[in-house]
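Engineer: Below are the structure tokens for one structure; questions will follow.
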């Protein structure tokens, strides 16, 4: 049962700050939602409806108060080919399915699996995301009237310089107003948001995606849904961590998975595209004083209100203003520290980060990049742990009996060193292998030990293994010691 | 075993009265006192906020540093103040003749801390409103409401001013909580020698149950009498306190229904809110 106290604190703990920050976020969400719709190749209203619906639903059902979720670049880049090849209705169906997959992930408590995503992979993720957002702006900057560049530059100048004068009003909003006013006043011939497709003129309505309910449809949308679900959860959980750190409060990661799932499932039925949490917007929210669920909820409501009321005005905003804002988002999302850190951080961590970035930029799929990063960091970790392995030996007085003492981690990555440590051709009658100070982690380790015993026997040497019980106690898969509370103490006592 | 009183203080205008109540109870119960001051949820209203809505280079790192610095400063001040509040309070109790006083500054949620400490504790004392909810607001402090709902030991809720307790009103509703209160009253040395008025709001002119309750109290040497009130129970009790110069009101947290075991009855909340006397609450 959720206590009324928590409920009140999570919604009404900071009303004034949340309403103000919600408004700032809503104003920033509008250009982003339009821009992300354009990335995905759909009408701006698809992204705007999605942002409204996702923001309100994650505010209610999510696990991280104060985090902003809406239509995002990370998920939008995954939809491009689906929309191009099959059309909008398949996108709605894929959005619903992605939501359902996220719900399953939430029920299976896969949020806990985030711990396998290392810091380097996360840094790679945000850097890749920033690069993707920037790359998505390039079509708007190629083959356009040169006036566009002037307008983008003006927009960026306002965004970055105005906060030095005042932090009371959102500078991106001022940038939009100034650029739009100039374009209208001087009748510049610039592409506008209205040229990019339909804007919402009413509240979203419930509709079933118009796709044939066949297995073939499922085959089409499943790969997209899977990618969207994974990327959505990754960015959401990562953003939750960012907000946790900024506000020094905790969040419920599995509830966040469920919240994202509910939001996407419902959003698909209301004509919206899939989304997830947004790092940049969440930072803006915290910076503007937002802390509770109310901020995200109000951002969604304010967004829809503004867009329905001001729809005609939104249509005349030049794309140049939007591009300026998206460049800002891209710059703000990128982890600039990570470039300076390339020099100081361990080379392997930097490699993981760079591989993640390169894979994403290459495939345009954040999920694949993260998988690559996680795999690589796993391999690096295994390689490192494999070094915690040593063998020494001594010969008895009569030179007839050798004792090998194995120390450290015996598993797939260290079996090579293990095998090399023995001199099978030595002229001794008996060999003792003392494994009591080693840990056998997997079947490869067991196999390596078996093979060593066999080889000695073939040479006619008698073999005795000492301490096998203690060593094999660490066979996690079979005995499940990792779940026992005293496992660490016991391992250290070996 | 020595009785133990847990006192919750926050340095608000109720603290002096809370300490007076504690001193009174500690002497009567021969109890040792444990004072805690909790620094809980951060005051987020004062965090720096910037409506520029723009994202600079390295905004995340920058913002994190800024917020951390802000929290650090506030936390240091809050701790310093908390230690002062506690040591002042302990000194005051010692001056009032309480022998054993310990005190702890707690970082974190007050309720969790109470739950951790309430075993072996005989009485929890706190003020009607906390530091955050000032007197101008008519509602109760949010911590108090949570304590009232969750704490299993008797809770003494201090009013703004303390006066020696001579006349006690028991707001009788026939529920299990108030029966528990009466059982406790009979054996506890806290209110020995006070005049007890067992009040119940009915329209009737006599009530056999009330008379029986008074009889058992008299048997323990209390100067007890039954009092029948009319009207809304909460209004009637509050008015009676004014009229009869009552010094303490005893209430049960919940009424009859066992379904409502986890809630605090609305009558009870209203009495705590409106009555300008300390209230002793039983679950």
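Each residue, glycine too, has its Cβ placed from N, Cα and C.
Automatic prediction, not curation, is the source of TrEMBL annotations.
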Engineer: Given A:71-89, A:90-108, which one carries TrEMBL's transmembrane segment label?
Structural biologist: A:90-108
Engineer: Given the ranges A:254-272, A:273-291, A:292-310, which one is assigned the annotation transmembrane segment in TrEMBL?
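Structural biologist: Among A:254-272, A:273-291, A:292-310, the range TrEMBL annotates as transmembrane segment is A:292-310.
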Engineer: Applying the under-8 angstroms CB criterion, which one of A:20-40, A:46-62, A:120-138, A:292-310 scores highest with the transmembrane segment (A:316-340)?
Structural biologist: A:120-138
Engineer: What same-chain residues lie close to the transmembrane segment (A:292-310): Cβ under 8 Å, and 6 or more beyond its ends?
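Structural biologist: Counting only partners 6 or more residues beyond its ends, the transmembrane segment (A:292-310) has Cβ contacts under 8 Å with 9-15, 17-19, 21-23, 25-27, 29-30, 33, 48, 51-56, 58-60, 62, 65-70, 199-203, 285.
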Engineer: State the non-local partners of the transmembrane segment (A:120-138) in its own chain: residues 6+ outside its ends, Cβ under 8 Å from one of its Cβ atoms.
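Structural biologist: Same-chain contacts beyond the flanks: 35, 38-39, 73-74, 76-77, 234-235, 238, 241, 279, 323, 326-327, 329-331, 333-335, 338, 345, 349-350, 352-357, 359-361, 364, 366, 369-370, 373-374, 377.
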Engineer: State the non-local partners of the transmembrane segment (A:352-383) in its own chain: residues 6+ outside its ends, Cβ under 8 Å from one of its Cβ atoms.
Structural biologist: 74, 77-78, 80, 116-118, 120-121, 123-125, 127-129, 131-132, 135, 226-227, 230-231, 234-235, 338, 411-413
